[in-house]
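Feature annotation from Swiss-Prot assigns signal peptide to 1-20; the stated evidence is similarity to another entry. The feature domain 'Ig-like C1-type' is assigned by Swiss-Prot to 25-114. If you look up Swiss-Prot, you'll see Cys45-Cys100 marked as disulfide bond, on the strength of sequence analysis.
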Amino acid sequence: MARFVVAALLVLLCLSGLEAIQHAPKIQVYSRHPAENGKPNFLNCYVSGFHPSDIEVDLLKNGKKIEKVEHSDLSFSKDWSFYLLYYTEFTPNEKDEYACRVSHVTFPTPKTVKWDRNM
């Protein structure tokens, strides 16, 4: 019985230690296909390497939140960090600016990464 209690306490300590670890997300914004003005495409925001899992991701058009956005299920890597993909259909042109805004406990304020049509 005593061994069980000790083992249970060790497991709890390990799990609580995982919550104390914080890793800032890496944010990558890119289109599925090379950008061509007037041609439908998909805008992707891949957020990876973050911990803990609580995160808020928004895709933006000219600084305003795009409402029709889909995302993958929250997944984790071998190192227990998390990753997600947010995406939406869009039609690029010369005047509109697209970006991904991420809020996470590791950022004092939300971080915004602009889409570079040449990447």
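Indices start at 1 and increase along the chain as displayed.
The backbone N, Cα and C atoms fix where each Cβ goes, glycine too.
Per DSSP, the secondary structure of the domain 'Ig-like C1-type' (25-114) breaks down as 0 helix, 50 strand, 40 coil.
Ranking the disulfide-bonded residues Cys45, Cys100 by C-beta neighbours within 10 Å puts Cys45 at the top.
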